[in-house]
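Asks: Dumping the structure here so I can ask a few things about it.
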Ligand code: ADP
Ligand code: MG
């Protein structure tokens with residue numbers, strides 16, 4: 001048997017589902033109804049421009065009001081209005097969007113891009129907060145009759161002749177008992193400020209107080225009085241809708257202040273503007289980061305045709321750019337759908353790629369044109385750049401030419417410049433270039449000075465992202481090793497295979513090692529006697545590069561490293577076999593004197609690394625003091 005047919009949907013069943021699940025946030029009803037009012041107003045203006053409407057436009061604005069006593073909210077516009085027939089068509093048929101039809105109809109007569117509506121579902125969000133919804137409307141069309149529609153949220157409605165005299169539409173919501181919060185003016189003011197702040201048609205919500213000058217008092221001081229003025233919610237022409245060519249730096253800075261009144265001035269900004277293969281405009285600002293960058297997330301606001309959608313832009317903006325501030329406006333981002341859908345959406349992916357490319361281009365341009373200013377901002381932008389390089393291959397390819405490293409003398413280099421800088425000298429016996437870095441210039445000073453004495457250069461990598469950055473760069477750079485300056489004795493770090501002779505014999509060497517082992521008496525320290533220059537430090541304590549990186553990764557939660565458990569600290573103790581101290585130890589007659597010398601030299605090495613504390617530190621100071629008195 002074979003049969004074909006259409007699955008039937010009973011509206012009575014589906015209606016409550018739409019009401020309940022369409023939007024998780026009830027306040028959205030206001031966004032939807034105000035957007036509809038703005039759409040109707042925009043259409044009206046467009047018809048006038050096209051000559052389809054020859055009458056007087058009047059003041060085209062949207063008004064929202066609340067009546068606490070009557071428990072109503074009204075949204076009223078001077079847009080195109082609807083005839084009874086149109087109500088039946090656009091309102092009664094769910095998901096039949098008049099907006100889409102309007103755009104279709106006028107698509108050849110210039111674009112109708114300013115229309116917000118798209119899905120034909122928004123109006124019904126009113127029933128999330130209202131028991132009864134009324135529409136009072138009069139179409140702009142000549143000879144149109146006013147119409148009135150009432151619905152209690154069931155699938156039954158009533159249309160009657162209306163009384164409205166003025167072109168446009170008023171929606172009245174009889175607020176239900178669970179939604180009385182929306183009868184508070186402050187609540188409505190907040191919701192409007194959130195969603196309607198940049199809508200293209202003026203939105204008025206009651207009146208507000210304003211201080212104006214009122215002559216002078218007897219002492220000649222200015223007097224002020226309070227007057228009422230319209231409370232206009234929005235700036236109808238936000239900066240991102242304007243052409244970058246018409247804008248000054250001051251405009252951008254002022255707009256930043258409008259968005260984030262309490263923030264410090266941004267470093268620079270990017271004006272985004274594409275219309276193919278997707279539409280997107282916006283302005284992204286690079287903020288001053290400082291150390292507390294965690295709190296600054298979620299500062300990018302997402303708009304669709306000037307309607308605020310969300311400030312959770314996680315899926316739209318590449319992760320490494322989440323710390324940027326600003327606005328993105330795109331009608332091509334699906335709005336009323338779930339997260340997982342957003343992630344797999346083709347447009348969203350393209351937008352992601354575009355933004356990342358734009359940011360790379362801007363940084364590259366700044367670097368090339370204003371290197372000095374770029375360097376001065378590096379402390380703030382370095383984090384974006386490094387994070388971007390680690391997480392985004394395409395960004396890496398561009399950023400490798402403008403990522404900077406700073407050496408301990410405060411000079412900045414690009415990667416290429418730095419390679420050239422160290423090429424002649426900082427190369428080991430296997431022809432590997434060795435990059436030396438410090439994470440704490442003050443603490444690692446003795447090691448830095450050892451390196452500098454050899455004519456080597458040391459860069460400073462002291463931000464939280466740097467350990468990851470180093471790992472990443474090593475996989476990218478050929479024949480290059482990156483080593484922390486205190487990971488070993490400098491002659492080992494840059495091993496040129498210059499054999500130096502040990503002045504003591506093997507037997508003496510073993511004996512000295514034994515003395516140190518006993519004096520230190522701790523298995524986490526591995527002692528080795530090395531032939532160093534007599535002028536080098538007698539003893540140095542270092543943690544091998546490999547060991548320290550494992551620990552760093554573990555500390556920052558790098559994947560897979562937990563199998564090591566919590567790793568103990570393991571250190572290498574290098575004793576300079578050619579130092580006078582060793583001679584002194586050999587010559588000492590008493591076992592106690594030998595160990596005392598070794599212990600003192602070892603503690604001194606620990607001290608220089610900031611590793612000596614507590615009782616060990618107190619004992620060291622006591623012993624040193626005693627020596628001074630001898
Ligand atoms: P959408 O806005 O996505 O088209 P809605 O459910 O919000 O869907 O609205 C459905 C339709 O009802 C609109 O497309 C429009 O034709 C009509 N409409 C809604 N509100 C108004 C209004 N204030 N003035 C004129 N028409 C309106
Ligand atoms: Mg709508």
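A Cβ is built for glycine as well, from the same backbone N, Cα and C atoms used for every other residue.
As annotated in TrEMBL:
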BINDING   32, 36, 77, 82, 97, 98, 169, 339  ATP binding site
DOMAIN    25-179  domain 'Histidine kinase/HSP90-like ATPase'
Asks: Can you check how the pLDDT averages out over the domain 'Histidine kinase/HSP90-like ATPase' (25-179)?
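Replies: Per the prediction, mean pLDDT sits at 87 for the domain 'Histidine kinase/HSP90-like ATPase' (25-179).
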Asks: Measuring Cβ to any atom of ligand 2 with a strict under-6 Å cutoff, which of the binding-site residues 36, 77, 82, 169 qualify?
Replies: 36
Asks: Tell me the coarse DSSP state (helix, strand, coil) of residue 77 (ATP binding site).
Replies: strand
Asks: With DSSP assignments reduced to helix, strand and coil, which class does residue 169 (ATP binding site) get?
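Replies: In the DSSP reduction, residue 169 (ATP binding site) maps to strand.
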Asks: Based on DSSP, name the secondary structure state of residue 32 (ATP binding site): helix, strand or coil.
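Replies: Assignment for residue 32 (ATP binding site) reads helix.
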Asks: When a 10 Å sphere is centred on the Cβ of residue 36 (ATP binding site), how many other Cβ atoms does it contain?
Replies: 24
